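Asker: Starting off with a structure, shown below.
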Amino acid sequence: MKTISIFFVIILMSSSHAEDDVLCLKGFKSSLKDPSNQLNTWSFPNSSSSICKLTGVSCWNAKENRILSLQLQSMQLSGQIPESLKLCRSLQSLDLSFNDFSGLIPSQICSWLPYLVTLDLSGNKLSGSIPSQIVDCKFLNSLALNQNKLTGSIPSELTRLNRLQRLSLADNDLSGSIPSELSHYGEDGFRGNGGLCGKPLSNCGSFNGKNLTIIVTAGVIGAVGSLCVGFGMFWWFFIRDRRKMNNYGYGAGKCKDDSDWIGLLRSHKLVQVTLFQKPIVKIKLVDLIEATNGFDSGNIVVSSRSGVSYKADLPDGSTLEVKRLSSCCELSEKQFRSEINKLGQIRHPNLVPLLGFCVVEDEILLVYKHMANGTLYSQLQQWDIDWPTRVRVAVGAARGLAWLHHGCQPLYMHQYISSNVILLDEDFDARVIDYGLGKLVSSQDSKDSSFSNGKFGYVAPEYSSTMVASLSGDVYGFGIVLLEIVTGQKPVLINNGEEGFKESLVEWVSKHLSNGRSKDAIDRRIFGKGYDDEIMQVLRIACSCVVSRPKERPLMIQVYESLKNLGDQHGFFSEYSDEFPLIFNKQEHLK
């Protein structure tokens, strides 16, 4: 009923404001710095120009220029929050998170945008106090101001936001006591503010002169005794830390102790799982433990370089996938939360969405949506999937990876590409997982000789000398995936009974091509069924991806376009529209 009432009010007042919304965006763009040209699609030939398909803009409907939502996160925009927003009167959701906005939060923001339901200004450089006038956003459900430079106390007026379900003020410079009515938002909503006290953080204390004298005296006596004990314990901690390399918490480096990691999780079973979208029912760590049968080996979906994934069947009938990262996180807690929040906002039809995470000491669990048909690797090795389905998978996976390289903001290298990170949903559409994890985990595996010498089969040959991941390295890995699709073979250690040799897939295919026996390299389950010309086209695309010189490999977007032409012949992907607005003048810049 509340949603209907908001909608009804906006409909009544909005018919005359379509031109105002155009002026709103024009003013917004002109008042900001946009160094990476994220808003280059924002052009306004006249006051009636359609704005509903501009980057980050969503409208109530496509036929009128009334803005429902502005989603402009992670675009490197800088400047103060523009006053022109007051012309977007129908706006319900404003997300300017993880940019470089500075200055004060406008005290008039809720009189400008009275129908806001979601306001996310997190991850900027905003300063000053939280305006008490935010109480005028009477429909506000979610308020995120974390990771800024806000000072002062938390205004008591926030307690009057009756619809507020999510509040995050963490990682600022706020001080004073937390209003008791806000304590139910949990510690995560307030941590990282050294001057804050009160539930759910530590209690606020007040000391008179007598109490202070007692505390200081006791502190001095205790300090002398502690110094003696501490000096003796120093050596024990020093030796232990050299052995374990700081194996607690964030920033841990080399730290995993696999002896009883499940026991560690059980001892923290009441820890809440952080979810990026507000759930109907909150999930705790114990729910994941039970849903995976105690992380039983029978629930393993796939084991990859980034970690082991487990199928989690929840009591309500829904299914998730829980990944335990194999390496520790070298980031600080603030850096980790910044990176994980960015990953949690990424949505694309060919990517597996990251739904949430849970951290217990050095253990990091990631929660993803479950894909019904498993991995591409398992499908190729265990089942007979026909050629049209393989084309569908190849195009979808290429689309997802190309979007990470050329359409996502910020851009992402994958670094873990393989047929085990390409999952298949119930319609056999490809969904890429494990993107962005290279920024979270220890770089130890990139220094491991078995990684650099190509043992895993997907690692580009130049990595053995440069030790630096690159976009062209992702293209090489995807080329191996295409070879798997065409040949049905594994990426490494092929054992051909007839000729008795073991080689990498690239070497095996190259030998067949150089001997004029390309047909012998094709999977017999798909050869001779009317698609041989298409199969050879994909083989040529694959070979272009795995050339030894990185600069001679195509861009991922070029690989996608080549494969999409094949998909169009099968009528699979006519609904795909242009989603790569960036223009690249120098291919070398991307490699």
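First residue shown is number 1, and so on along the chain.
Backbone N, Cα and C define each Cβ position, glycine as well.
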Asker: Looking at Asn211, Asn373, which one is marked N-linked glycosylation site in Swiss-Prot?
Answerer: Asn211
Asker: Same-chain Cβ contacts of the repeat 'LRR 1' (66-88) under 8 Å, 6 or more residues past its ends?
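Answerer: The answer is 10, 14, 17-18, 20-21, 23-28, 31-36, 38-39, 51, 55-60, 94-106, 108-109, 111-113, 120-121, 126, 342, 345, 409-410.
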Asker: Determine which residues of the chain contact the repeat 'LRR 2' (90-111) at the Cβ level, with the cut-off under 8 Å and only residues 6 or more beyond its ends counted.
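Answerer: For the repeat 'LRR 2' (90-111), the list is 6, 10, 14, 17, 21, 58, 60, 66-81, 83, 117-128, 130-131, 133-137, 139, 144-145, 150, 338, 341-342, 345.
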Asker: Hey, for the ATP site built from Val301, Val302, Ser303, Ser304, Arg305, Ser306, Gly307, Val308, Ser309, Lys323, who else sits with CB inside 8 A of the CB center?
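Answerer: In sequence order, the nearby non-listed residues are Arg324, Ser326, Asn420, Asp434.
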Asker: With ATP as the bound species and Val301, Val302, Ser303, Ser304, Arg305, Ser306, Gly307, Val308, Ser309, Lys323 as its recorded binding residues, calculate the greatest Cα-Cα distance and give it in Å as a whole number.
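Answerer: Value for the max Cα separation, rounded to a whole number: 14 Å.
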Asker: Check the repeat 'LRR 3' (115-137) for me and report the mean pLDDT.
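Answerer: So the average pLDDT across the repeat 'LRR 3' (115-137) works out to 92.
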